[in-house]
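Okay, so here's the structure we're looking at.
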Amino acid sequence: MLYVVLVFLVLSFFLYVLLGGADFGAGIIELFSSKDNQKPIKKTVYEVMGPVWEANHIWIIIMIVILWIGFPATYNVVVVYLHIPLTLVLLGITLRGAAFIFRHYDAIKGGSQKLYDRLFRISCLITPIFLGMTFGALVTGDIVLIEDNPNAGFYEVYVHPWLQVFPILIGCFYATLCSFLASVFLIGEASDDEKRMYMRKARVAILAVIAFGFLVLITGFAEGRDFVTDFVANPFADAAVLLSAILLYPLFRAIRFGRVKRCRFFGGLQVSLILFAAAITHFPHVIETTSGKLNFMDGLAPQSVMNVLAISLIIGGLLIIPGFLHLLKSFHMIKMLEDKE
Amino acid sequence: MDNLDAARLQMAFTLMFHIVFACIGMVMPFFMVVSHFKWLKTRNPIYLTLTKAWQKGVAIFFVTGAVSGTALSFELGLLWPGFMKHAGPIIGMPFSLEGAAFFVEALAIGFYLYGWNKINEKFHWLTGVIVGVSGVASGILVVSANSWMNAPSGFDYINGQYVNIDPVKALLNDAWFSQALHMTLAAFAATGFAVAGIHAWQVYRKHNPAVHAKAFHIAIIFGGIAALLQPLSGDIAAKDVAKRQPVKLAAMEAHYETEKGAPLYIGGIVDEKNKTVSHKIEITKGLSFLSFGDFDAEVKGLNDFPKDELPPVAIPHYAFQVMVGMGGIMALAALFYFISVRKRKWWENSKFWLLFAILAPTGYIALEAGWVVTEVGRQPWIIHKVMRTKDAVTPMPGMIYSFWFYVLLYTILTLTVIWLMRRQIKVLNQKVD
């Protein structure tokens, strides 16, 4: 049953990074677009994300709930030591959600729209950066456990692990991944003129992903981060990254010929491969502290809890997945009907 | 202020907001589908306008509720890591089921909002019903997690270890039914009165009385029925508390001395230092009867509980008085409304509408006060008789800054939502003009 829970945990992690990431990315693309392009992007983003956007963000809640029920020891370390960056992530999610609903549900479309737009775009950029920083902080190896270091100061324990170049770069890297995902997903939804614009955006995003990916690796090497050295030493991780790089070729071809499904497939696959590489390097030692690496599989909830959790997840999955697919399908069909009209 | 109090204030503050957003998001879909049903049946365009106006309200409150709920799912761990470390696995089940219910709600709301003229009419309406039903299910599940803190069960606490965990037993703890019933009715009563009050105000101001009167009637029927049933569920809840958490009962009644045939205090000023209550109205043997259904039953007073297990007295007592007072007013108002259905002439009197407009906030005041009673009354425990709140709080210092940060954020969000609602009503009025 532990494996059922792990599958759901990994699944919700991937789905959040991919779908939630694409949502954040849409706002980032808007932020870095010219004024003329912002309007059509806003419209497309609303049409595409509107019906499903809330569903996309539930994955992080599912992740949190699985962690606290099944893996209380790991969860405890995360919430105690990464209190501040998680609060900042929360701030981003809150402002983003509020701005999204405000800009589409304000009954009077007036000057306040500008404010909502700005809020939406900026929170779309900072939230993934903080998310990446939180993840980065877990693997810097600088987390100071208070029970081992009772005299450590506030800055050392609660600020230093995440406020460094390396985690910030990981944050930026994730933000570029988000914009990459969004541009690749949006290509399929746009009209012809817009399509060309998203294609350009997708290419820029790919370059940004590569640039920040390199920066992360170089900085990690220079600072001697285990996360990076282990990553490079792991043949599976290398193979996954290499495969992801090779896939750029078919992706570029798919983008050029406007093959919607292929674009999405390759884009999603590439990001999944990068995630897979990061996960395979470190599992089960997800958290690195100054007192050593913590094993994710230590301090699990008792078997009885895991069983009930697994059963609830299976029931929930059976209930939700068909609904989710039906939602996507219905609105896709509606879109096609509207296009014909 | 110390770290513990700052963390408690922050939790109280964020919950206070979430409860309002969540309850409106939970109950308004029912008003919406009734109006939608009437549109499908009568094809009176007023109902279509109303349904669409309410659906925007549902969307706004659903998202603000979802976002503030996401915030809470973070805060539970960020503020109370000691609690979550041990309680997380035990009460995980209601939370994971709540996640599923919430997901169903999010999907249904996607269908509903975007499905106009696109999917089968009846199926479209049904998705609106699913929004409401799954919202209520979410609410009940979350309340079940809270009631477990009052009536911990489904585990054995041996030498500081939590063993033999049974999540199903934890979900169906002793306080589950009475709390869930009381809260669900409260959500309907509070939202019913609030929505009815807003529309009554519009009728009073003579802004499109035709639309707003229809809206008023739908909302007040839900709110009124719930307000009439609420005293009964309150009685069940009080008897349950008397049995399980006698110290909480003693605090909310400000009852210091153990006695048989204990009197019920109405109002009064609590002096916690001298352990007395002055300026109160006493109802002889009232407390014994209400708590145990027996005029001569013994009610244990605060003085006979261990000193280090006493909750604050003044806050729960005052909050309890406010809750019961507001509840009483609402039940009377509900009665008044149902009589007015027979005497429709009253509806032509503008004072009728003014009355309900004034009553708009009563339900939410009662609801917040009720949560203050149950949460402050449980102190100093976070898990009744198992874990103290001070042992659950985060070791990170400086929580007071975090508190002010949340106050600022939530105040901005609330003001924006109120402002949006006003614009919603303004546009609704223009449309019908």
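Cβ atoms are placed via backbone N, Cα and C, with glycine included.
No curator has checked TrEMBL annotations; they are predicted automatically.
Here is what TrEMBL records for this protein:
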- A:6-32: transmembrane segment (TRANSMEM)
- A:53-71: transmembrane segment (TRANSMEM)
- A:77-102: transmembrane segment (TRANSMEM)
- A:122-146: transmembrane segment (TRANSMEM)
- A:166-190: transmembrane segment (TRANSMEM)
- A:202-221: transmembrane segment (TRANSMEM)
- A:233-252: transmembrane segment (TRANSMEM)
- A:264-285: transmembrane segment (TRANSMEM)
- A:305-328: transmembrane segment (TRANSMEM)
CB contact flag for the transmembrane segment (A:264-285) and the transmembrane segment (A:166-190), at least three pairs under 8 A: yes
Contact yes or no, the transmembrane segment (A:305-328) and the transmembrane segment (A:53-71), 3+ Cβ pairs under 8 Å, gap 6+: yes
Outside the transmembrane segment (A:122-146), six or more residues from its ends: residues with CB under 8 Å to it: 21, 23-28, 30-31, 77-78, 81-82, 85-86, 88-89, 91-93, 95-96, 99, 152, 156-157, 160-164, 166-175, 177-178, 225-227, 282, 286-291
